[in-house]
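Following: one structure in structure tokens, then a few remarks.
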Amino acid sequence: MNLTQLSMTELASLLQTRKISAMEAAEAYLAQIREKDGEIGAYLTVTEKIALQQAQKTDRQRAAGEELPRFVGIPAAVKDNICTKGIRTTCASRILENFVPPYDAAVVERLLENGIAILGKTNLDEFGMGSTTENSAFRITHNPCALDRVPGGSSGGSAAAVAAGMAPFALGSDTGGSVRLPASHCGVVGVKPTYGAVSRWGLVAFASSLEQVGVLARTVPDAAAVLDMIVGYDRRDATSRRSPGMDFSQIGQDVKALRIAMPRELFGVEITRPVREAVERAASVLERCGAAAEFVDMPSLRYALPAYYMISSAESSSNLARFDGVRYGRRAAGYTDMDSLYERSRGEGFGREVKRRLLLGSFVLSAGYYDGYYRNALRAREKIRREFAAVLEQYDVILSPVSPDTAPRIGKRDPDPVRQYQEDLCTVPANLAGLPAVSVPCGRGPDGLPIGAQLVGKPFSEPLLLRAAAVLEREVRG
Ligand code: GLN
């Protein structure tokens, strides 16, 4: 039996019935990493010793007859912008190349409380800025479905690890699509929770008002189980919200009478035909199962991309000001005064895309331009938020593509950054509105590469979104 091909739920029942030990599970995944990660490049750090120690502890507890959480002994990967105590956390940036956090992020604490064994830290676009994982300062990650393709980004390492059987599930972060896009490109399930549902404490901040830690998993029930572990109020995150309680037991139920809206703006000319057709087929599948789908107009979505790039860059210029060579992270050699210390450390430490965003962000916040750019972006955001609320009064979920196309070839993306940003058309609206969103595989393009469908819903409607995703998963995968 190949343990690395099983879902997390299947693996957990083998562990519970003691058909396998936690050591065997961890070792199987570590062996898969040794065999596969040379060509895929999903991990920046593999924490073999830590994973085996955690597994050993689980096996001892089980042998002693202790009562244990359901998923104890399952291994997992964590995106390298989520702090792990004693384990290097680089954000795929030279500026944090040797940073070892003295604490665990809240989500990592939750994993450890559940007895999850950490396999390692996964690659990303530097600080989460990008859609291909090519903006990592350290390595390229290849898409396990086709090695000449990118895995999507910015949580590309997490998605590739799950798709290649190098982790049963992984944590990612999603500021504007970074969990959903790589999930779509690698053929796995991705969830971006409702804003405030999962603690951001210990997630290295890129754009605080937009981002959430999310889940990449092999199946919908697996994604639900992980989400269930990490949601919850945390007083250390000022934007954390008490959820009204998420009841995931409805997953497996049907979608009869589910009302689905499909925004015309996300099925337009920007979307390639294979993607449009695959998502329309997904709508028909749900209709055959009793749902009702129709097209709606959401005109304010045309402001989503500019609003997202202005707001996220503005917030990043403030968040990343802390990397100055003084407190932590890289300090350049040969500086002569304070200003040259900042300039050199930041000049050497940040990559091109990060610098571009910091410049854009400082610009839209600067006196004289603030009203014209930043304030208008906030207005557009409010309009988008209201439009979502209005549509979600009449419909239960909003269905769209995740990405305009299947995964692009490595090194072949458009050199124009604005055209790269346009790939995020379908994913950024949910972040601007703070709504939960799921990406679920719904077919393949003529190139054989996976296509994802996106479901967006009301705040805290993750269980409903996953229930609809589970129906699609069952019907599409067969
Ligand atoms: N691709 C988007 C960006 O570059 C989203 C990134 C993210 O969600 N972290 O900003």
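Using N, Cα and C of the backbone, Cβ positions are placed for all residues, glycine too.
As recorded in TrEMBL, the features of this protein are as follows:
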| type | residues | note |
| --- | --- | --- |
| ACT_SITE | Lys79 | active site, charge relay system |
| ACT_SITE | Ser154 | active site, charge relay system |
| ACT_SITE | Ser178 | active site, acyl-ester intermediate |
| DOMAIN | 24-466 | domain 'Amidase' |
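If you average pLDDT over the domain 'Amidase' (24-466) in this model, you get 97. Counting in whole angstrom, the residue listed as 'active site, acyl-ester intermediate' lies 5 from Ser154 (active site, charge relay system) by their C-alpha atoms. Rounded to a whole number, the distance between the Cα atoms of Ser154 (active site, charge relay system) and Lys79 (active site, charge relay system) is 9 Å. Listed in sequence order, Leu124, Asp125, Gly128, Met129, Gly130, Ser131, Thr133, Asn135, Ser173, Thr175, Ser178, Pro182 are the same-chain residues six or more apart from Ser154 (active site, charge relay system) with CB atoms under 8 A from its CB. In the three-state DSSP scheme, Ser154 (active site, charge relay system) falls into the coil class. DSSP classifies Ser178 (active site, acyl-ester intermediate) as coil under the three-state reduction.
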